[in-house]
Amino acid sequence: QHSNVTSYRATAVAIISLEAFAGLWINAFLVCVLCIAWLKKKTLNSNEKILLLLGCSRFCYLCISWIYSFLSLIYPNYLYDHPTFQLTVFFQSFSNCSNLWVSACLCVFYCIKIANFRSRFFMYLKVKIDRIMSWLLLGSGLSALAIGITSYDIADKKLSNSLNFTREGYVLKLTNKTDEYLFHVYFIYGFGFVTSFTAVIISALLLLFSLWRHKHKMQKNSFNCLSMDAHIKAMKSILSFLVMYSINFLFLILSLISSTKEEKHVAFLGLIFLYAFPSFHSLILIFSNPRLEKTLIRILSCVKCKVC
């Protein structure tokens with residue numbers, strides 16, 4: 001039984017490390033390209049600002065999540081020391097919530113920038129989109145910080161109530177007890193995820209309705225328009241976000257349920273997708289941006305030439 005537990009932990013660490021390092025490389029590439037463009041142009045548009053913050057938050061989230069998973073599986077006695085556990089929970093909550101809400105801000109940006117509605121309020125949003133995005137990003141950061149502080153406080157109180165056990169022979173019992181207390185932290189994650197998921201759904205529905213109206217108008221007037229292509233590209237991006245958010249939400253619920261029960265396989269399956277989500281989502285963003293796509297293809301072609 002001990003060998004089975006050891007092999008399970010080694011396999012979990014290997015798979016999670018592979019996914020985490022792949023995601024770190026992808027998001028580091030995203031951040032580096034945008035930072036170089038920022039230094040050259042001395043400015044960034046709203047879309048690039050959102051992508052830059054998204055890449056930074058995902059890079060930090062993958063780092064902290066990998067550290068937490070590695071310590072919880074290999075060195076649990078070091079993880080549940082003060083203040084290692086509390087700080088890990090704080091940074092993980094902060095980076096995860098900022099990642100989700102900045103992703104939602106990107107979908108809202110696409111919706112406002114591309115959708116066509118004659119409402120005065122919508123036209124006002126379209127004109128003031130840069131200022132609105134700055135305030136939304138600031139609000140997302142402050143909200144994520146508040147959730148991180150709340151998670152730190154919950155972890156500190158619950159862990160202090162669990163430290164009646166000695167180190168030797170009670171690490172597993174302490175881990176299970178702390179995982180039950182982490183239900184409250186996962187509940188906070190769920191709140192952040194539901195709000196961002198709602199923003200993505202509303203953006204997708206509005207953009208889909210705008211696309212339908214625009215297509216109907218084009219068929220009636222019998223002419224083509226570049227706005228149609230912009231609608232379709234934005235719709236593909238948001239729909240891909242929506243599908244991945246839906247799957248991610250399902251695995252988040254599974255992780256939340258398994259945190260109160262001894263269901264290691266369900267929790268492991270949820271962790272695999274939760275680690276893969278930032279990587280695949282960032283890849284979609286890279287290939288939907290012409291500058292990032294060309295830079296990535298150029299780097300890969302140079303690496304291929306050197307290898308050959």
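Positions of Cβ are set from backbone N, Cα and C atoms, glycine also.
Marked as transmembrane segment by TrEMBL: 12-39, 51-75, 87-112, 132-152, 186-212, 238-260, 266-288.
When the stretches 12-39, 51-75, 132-152, 186-212 are ranked by Cβ pairs under 8 Å to the transmembrane segment (87-112), first place goes to 132-152. Through the fold, the transmembrane segment (12-39) approaches residues 48, 51-52, 54-56, 58-59, 62-63, 65-66, 69-70, 73-74, 268, 271-272, 275-276, 278-279, 282-283, 285-286, 291-292, 295-296, 299 of its own chain, all at least 6 residues removed from its boundaries and within a Cβ separation under 8 Å.
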